[in-house]
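Colleague: Marked as transmembrane segment by TrEMBL: A:21-43, A:80-102, A:150-172, A:184-205, A:217-242, A:254-273, A:310-328, A:370-390, A:411-430.
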Amino acid sequence: MSVIAPNFKLSGFIKSLLDNIFWILLIFVLAGLPAVFMILLLIDLPIIDGELLTPFLALSYLVNPTRLIPVIHAFLTTDIFRVIAFPGFGFAALLAASVIFVERKMMAKLQLRVGPFYCGKVEGILQLMGDGLKLISKEIIIPAKADKPIFWAAPVLFVATAAAFVALIPVAPGWVVADIDLGLLAFFAVIGFFPIITILSAWSANSKYPFIGGIRALFQMVSFEIPLILSLLGVVMLTGTLNLSEITESQSNFPWIVFLPIGAIVFFITMLAELERIPFDLPEAESEIVAGWLTELSGMLYGLVQLGSYLKLYAFAALFVVLFLGGWNGPMIVPAFPEQIITEGIEMGPITLTLDGLESLLSNTITQEMLNGTLWFVLKTAGVIFFIILPRGVFPRVRVDILLDLGWSKLIGLCFINIFIALGLLYSGVLGPGGLQ
Amino acid sequence: MTTELPRDIKLASSEKQIDQSSSNWLPPGLALQKVDEKIMTLNVGPQHPGSGHMRLIIQIDGDYIVACDPDPGYVHRGEEKMAEYRNYITNIPHLERPVIHDSCNILYPYVLGVEELLGIEVPERAKYLRVIGAEINRCIYIMYWLAIYGIFLGHSTMFMWPTGDRELLIDLMEKMTGARVTHSHFVPGGVRNDLPANFEDVCLRQVNYFEKRIKEYAAVFYDNPILISRTKDTGVLSRQDAIRLGTTGSVLRASGVDFDVRKKEPYDVYDEFDFESIVMKEGDSYARSKVPWLDMMESCRIIKQALEKIPKSGSVRVKLKPNPKGKGFDTVYKRVESGRGSLGCYIVSDAKPEPYRLKLSVPSFRNLIALPYLLKGEKLGNMPAVYWSLNYWPVEADR
């Protein structure tokens with residue numbers, strides 16, 4: 001039963017709509033269009049197929065798919081597409097969002113519950129969107145004695161650092177935002193920022209529980225960074241490079257987890273600790289220190305930290321795939337694009353639509369290898385994420401002293417065993433730099 | 001394990017002479033105390049996910065707790081005073097409020113006491129029904145306690161499983177009494193209602209399944225290496241200290257003292273059942289968390305035996321005579337073994353319809369006294385594990 005406001009009048013409603021449309025049009029014509037043209041005056045327009053892409057030409061391309069394909073091709077090769085959409089932030093955020101949903105449903109099944117169910121009709125698939133809207137609409141409350149600039153900046157920095165981490169991940173051959181020769185070193189540098197941001201956020205809140213949580217996070221991250229770095233030395237020794245794309249290529253025959261299982265296990269455990277996942281969620285231990293270093297964060301500041309931590313989760317899982325599971329390498333399962341469409345075009349009743357730029361698009365940018373590599377990468381990453389989520393259903397939280405004991409004595413010892421295995425493989429001639437020989 | 005009680009502990013509130021008449025007096029914990037610069041005072045509660053309806057004033061030096069001052073009383077509602085203004089029957093619904101999860105057991109000593117004052121004999125069938133109700137309620141309470149113990153240790157599965165399995169027994173109690181938690185089932189002279197038809201079969205089936213389920217908790221919780229590493233040898237309460245601090249129930253039995261009111265002073269028909277009194281020697285948090293879980297298995301055994309031995313017919317309640325001519329002042333003290341320990345009720349009657357005085361001696365408050373001794377020198381991460389292992393229910397302690 002719908003309830004209409006008692007003084008509701010249809011004519012008044014339509015009039016208000018028309019008024020809104022009138023004002024929107026007026027503001028767009030008087031302010032919006034001049035602004036668009038001023039921007040267009042300032043930027044360099046791309047040249048596609050020998051023609052300058054003016055706004056008029058771009059609009060005319062929209063009705064002609066034959067001429068649209070070169071524009072898409074040009075856009076796919078720009079840096080901005082790589083940073084924003086694929087394989088950068090958009091791709092990672094999409095995967096992170098699906099991880100949150102899968103985690104909730106999986107934990108619910110493990111704990112004999114239903115989990116998100118109502119939002120979005122089908123199994124609560126829109127729950128995350130609802131939560132996001134709720135967080136955005138919440139008031140941001142800042143403690144009176146907080147150091148306000150740092151308190152505001154810390155969640156933003158957290159997401160930015162996580163996004164920088166994502167930029168290092170090669171998803172498919174040639175598809176990486178920052179393909180640098182010191183990729184692994186850059187990764188070590190990026191994860192070094194997280195404890196600093198955490199302690200900044202915790203300290204600036206000027207509150208007791210965030211402070212304890214921040215100190216715990218600092219303990220945990222610093223003491224687990226050492227086994228984290230040492231566990232990857234074996235891979236670096238065997239491949240002889242720090243470039244993540246080259247490390248992936250070196251695993252075309254065998255993933256390194258076959259030869260370096262101890263390194264993989266150590267890296268996985270340290271990954272759980274760096275991500276503050278159960279059983280290492282001491283910085284956010286609810287029953288001891290409320291929500292740890294997140295206690296004073298509210299509204300979208302909290303949402304940003306959550307987004308950042310799930311981006312970080314994706315990035316760590318992807319790094320595990322790249323270093324130990326062979327990255328994009330895998331049997332070719334994506335079928336080839338039908339030749340007929342490229343050569344003869346698509347028959348649409350009486351007309352035959354020929355797509356001219358399609359061949360160069362398919363052979364240069366969206367190749368079969370790229371699609372196949374992306375598919376294998378996503379599948380492997382999903383598998384690793386599954387194993388990252390799983391301990392949350394089975395383990396309680398560990399204590400600080402047990403955690404530090406694990407990090408400083410046991411894991412570092414295992415790291416050295418792993419390094420000796422790598423050295424043994426190297427000097428016995430079984431494997432050499434550059435992969436299986 | 002020390003045999004001597006650590007008497008050198010001084011609680012934060014006792015260190016300072018409290019002068020409430022001065023204008024800048026503040027409650028303990030809020031007042032600025034001159035302490036070492038290294039010491040940080042934490043108010044755990046009452047708005048803290050790990051406290052319950054109470055406050056723990058904790059002083060920490062780094063990660064070590066140097067002093068703990070429990071501050072209960074946030075949910076005090078004057079049950080004992082209220083009881084003096086209501087007659088013996090209208091006292092029943094509000095006396096079970098302190099522990100609604102264990103509402104049969106908290107009414108049990110009151111009902112036994114009133115029966116002794118009146119000098120009436122309860123029908124045999126009602127005695128068995130009371131045992132069934134009390135044992136099911138014990139399991140309901142322990143499941144709730146166990147769920148919170150799980151989430152206090154960060155084990156979310158152990159929060160969800162007991163909360164879900166508890167529904168089995170709540171459904172049973174709903175069939176038996178008509179209410180899910182606050183049953184008001186025990187009345188002086190018997191129980192309020194007889195069993196519904198076919199209850200015995202349903203009860204046996206549910207309890208068998210329940211027993212199977214709680215055995216599965218060992219795999220996910222009690223045998224978990226991380227749980228053992230967290231709770232073994234933390235908060236050790238020796239046998240002598242447990243007796244001298246006056247703890248009771250699972251805390252006392254986890255420290256190696258075989259004291260179960262059902263065994264030592266059998267009330268109603270508890271002497272007819274074959275069950276064990278669970279005792280563990282260690283006295284640490286792990287033992288204290290394991291004793292109630294083993295208790296539940298014994299409760300299941302008692303329920304099954306009671307379902308076999310119960311007389312198949314007969315009345316479940318004797319009529320009370322209005323305003324029995326009393327003998328002047330008369331007192332009675334009865335105690336039972338509740339989910340948390342021995343729960344006593346002391347009634348002073350002056351031959352009027354209302355009690356002259358009613359005193360509840362609750363196990364929660366007696367177990368809480370051990371907390372400052374156990375927490376001293378522990379790490380902050382052990383605080384929830386030790387605190388909730390004391391089988392403490394804040395609302396019951398405040399009454």
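Sequential numbering from 1, following the chain as shown.
Heads up, the Cβ atoms here are built off N, Cα and C, so glycines get one too.
The model shown is predicted, which means the values in this text are computed figures rather than measured ones.
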Colleague: Okay, the transmembrane segment (A:21-43) and the transmembrane segment (A:310-328): do they have at least three CB pairs under 8 Å, pairs separated by 6 or more?
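Modeller: Taking Cβ pairs at least 6 residues apart, the transmembrane segment (A:21-43) and the transmembrane segment (A:310-328) are not in contact, as fewer than 3 fall under 8 Å.
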Colleague: Of the listed stretches A:21-43, A:80-102, A:184-205, A:217-242, which one has the most C-beta pairs under 8 A with the transmembrane segment (A:370-390)?
Modeller: A:80-102
Colleague: Taking contact to mean 3 or more CB pairs closer than 8 A (sequence separation of 6 or more), are the transmembrane segment (A:80-102) and the transmembrane segment (A:150-172) in contact?
Modeller: yes
Colleague: What same-chain residues lie close to the transmembrane segment (A:150-172): Cβ under 8 Å, and 6 or more beyond its ends?
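Modeller: That would be 83, 86-89, 91-92, 142-143, 178-180, 183, 186-187, 190-191, 193-194, 197-198, 200-201, 203-205, 244-245, 248, 296-297, 301-302, 304-305, 307-309, 311-312, 314-315, 318-319, 322, 327-328, 369-371, 373-374, 377.
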Colleague: Using a Cβ-Cβ cut-off of under 8 Å, list the residues of the same chain that are 6+ residues beyond the ends of the transmembrane segment (A:21-43) and lie near it.
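Modeller: For the transmembrane segment (A:21-43), the sequence-distant neighbours (Cβ-Cβ under 8 Å, at least 6 residues beyond its ends) are 55.
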